[in-house]
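A.B. asks: A single structure is presented below for examination.
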Amino acid sequence: QLQNKILILTICSAGIGGTFQYGYNISIINAPASYIQRFMNTTWLERTGVPLDSNVILLLWSFTVSAYPLGGLTGAVVAGPMAIMLGRKVSLLLNNVFVIIAAALSGFSRMAKSFEMIMLSRFFTGVNAGVSMNIQPMYLAESAPKKLRGAVALTSASFTALGLVLGQVVGLRELLGEEESWPFLLASNVIPALIQLTALPWFPESPRYLLIDRGDKESCISALQKLRGTRDLSAELEEMLAEQAAVKGQRAKNPWELFQNPSLRWQLVSIVVLSSAMQLCGNDSMYFYAAYVFQEAGIPQDKVPYVVIGTGSCELITSVTCNMIIDYAGRRPLLLGGYIFMAGWAIVFMVALSQQTQISWMPYLSMACIFAYILSFGIGPAGVTGVLPTEIFDQMSRPAAYMICGSLLWFNLFLVGTAFPFIVKSLAHFCYIPFLVVCVCTALYVGLFLPETKGKSFLEISEEFKKRNFKTKTRAGFYMGPEEIKTTTL
């Protein structure tokens, strides 16, 4: 089973410096928030002799936090051209440069007495996450055998959840959560980057990229042999050659070309709906509420960080479970189930929040809702959304599709982060109504319009969407028919 070992090690090497960084860098910023704000104030006081107003500190902190999704958006935009020109593997390796720059900036920020370095560091960290969120699922899905494609591509979500949990653990007071160690906490993201730079060069490039984009059949066969071992590769190679023939003479598409192409209409609508829903469904906002709800349930404030680790662990457990069942259950049932359950839990959560002070056991129900909501998100939407662009777009459209996906993901993350405090202020306990609407609408879309992609080749999936994209035109053609016949008979 050596070939399976090679595939597993390729997954781990891509994941540790890839989507792991996204989860890790989202969670490590939470623990030192108050220390960094204090550092901003003392730095400004040393520079000017005047302390900062509390609103200005909050504004500077908001800039620091929002630099991450802004970097992510930049990373998502450059990921497409990188994947086409440099290849999937080289792009992932080069992507570590952004994290090394970020770690150097945040690690030396206190020594340099510059909080601007932290903002810049968060931007570069975001760029790294934006690139890896797009390229890693593409690289893994293109390297995996058809029957394991969903499970292999879905490991991206498992690594995100693992990063989230490890970030929460490393941020504990016992490790790097004390005031004097926050520069080391922020710079600790350099370790996964160094691991990937050491490990990934030993593994092959995506065979599909080598054959279809580069036209290098020898390298493709060599990569396939490394990944699959010596067993017969003729069927898989035949399928790839058919895909190569289907896109012969085409070049890699730009994002705006996808919008102009009628044969990609439903694929595009699907990824726009699902990528937007992934951030607009309110899962990240549950983390925002977690500390408050846990305190209301009577958990002492100094113990809350340990319970919050439980929320991250929930996402990790479900994404690993989803990994095991995606190629048996299929993509649609997991997405559909995830959004339906989230809609149900959103209603219960709002009722529980509104009765929090009236009924003694309500805080415990709110607490259960947080865990249930995160579990429902992890079992479907968290992982399947990242797999779909690889499956429903051909080789020439895939990088552009991921650019659109990634841009929407980061823009919506920024949007929710900015708008959620205002939603809470205006809707109070019923702040989950917008998220409930998103979950219901997405479940309806998946149930009515999204075809199943489990166990199908990329070419078969393309054919299925082609029928769907041109169905309306055919109907219109039949509708025009009788009028023409009438005129000929007359």
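The backbone N, Cα and C atoms fix where each Cβ goes, glycine too.
In TrEMBL, annotation is done automatically, which means it is predicted and not curated.
The domain 'Major facilitator superfamily (MFS) profile' annotation in TrEMBL covers 11-454. Taken from TrEMBL, the feature transmembrane segment covers 56-80, 92-112, 118-139, 151-170, 182-203, 334-353, 365-388, 400-424, 430-450.
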A.B. asks: Is the transmembrane segment (56-80) packed against any residues at least 6 beyond its ends, judged by a Cβ distance under 8 Å, and which are they?
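C.D. replies: Same-chain contacts beyond the flanks: 25-26, 29, 33, 36-37, 40-41, 91, 98, 115, 118-120, 122-135, 255, 399-400, 402-403, 405-407, 409-411, 413-414, 417-418.
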A.B. asks: Using a Cβ-Cβ cut-off of under 8 Å, list the residues of the same chain that are 6+ residues beyond the ends of the transmembrane segment (400-424) and lie near it.
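C.D. replies: Contacts of the transmembrane segment (400-424) (Cβ under 8 Å, skipping residues fewer than 6 from its ends): 65-66, 69-70, 72-73, 75-77, 79-80, 83, 126, 130, 133-135, 137-138, 252-255, 257-258, 267-268, 271-272, 275-276, 278-280, 282, 284-285, 288, 389, 392-393, 431, 434.
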A.B. asks: If you average per-residue pLDDT over the domain 'Major facilitator superfamily (MFS) profile' (11-454), what number do you get?
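C.D. replies: Its mean pLDDT is 87.
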